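Participant: Swiss-Prot feature annotations, pasted as is:
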- SER1: O-palmitoleoyl serine (LIPID)
- CYS90-CYS101: disulfide bond (DISULFID)
Amino acid sequence: SGSCAVRTCWKQLSSFHETGKLLKLKYETAVRVHSITNDATGETELISPKKHSYTLKNHIPRTTDLVYIEDSPNFCRPSKYSPGTAGRVCSKETNCESMCCGQGYNTQSLLVHRPCHCQV
């Protein structure tokens with residue numbers, strides 16, 4: 001008499017929440033690199049900052065690190081990239097503090113009259 005075993009394997013994505021947490025962690029620990037172009041080949045290479053300026057943010061990146069070449073603009077202030085947060089509409093209960101970059105916000109109450117098109 002023999003026994004049989006069936007084993008089924010599959011890959012499954014992490015939950016959206018877990019993926020978001022990991023991506024945020026990678027963003028917060030991203031490593032700045034510089035790009036140079038090899039004149040002989042025309043190829044661009046990414047190089048880490050020099051070892052003598054070593055800090056937590058300036059270490060040699062691993063293949064799993066998120067890297068960046070230049071700082072992101074401050075989207076809270078008006079610039080060529082963004083109109084800033086002035087005049088932005090937000091939901092007071094959920095996201096005004098983050099969407100207005102902690103600069104405060106004004107509330108406004110509106111009374112709107114609309115015909116109801118009721119049938120009698």
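Along the chain as shown, residues are numbered 1 onward.
Each Cβ is built from the backbone N, Cα and C atoms, and glycine gets one as well.
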Participant: What count of other C-beta atoms do you get within 10 angstroms of the C-beta of CYS101 (disulfide bond), across all chains shown?
Facilitator: 14
Participant: Around the Cβ of CYS90 (disulfide bond), how many other Cβ atoms lie within 10 Å? Please give the count over every shown protein chain.
Facilitator: 14
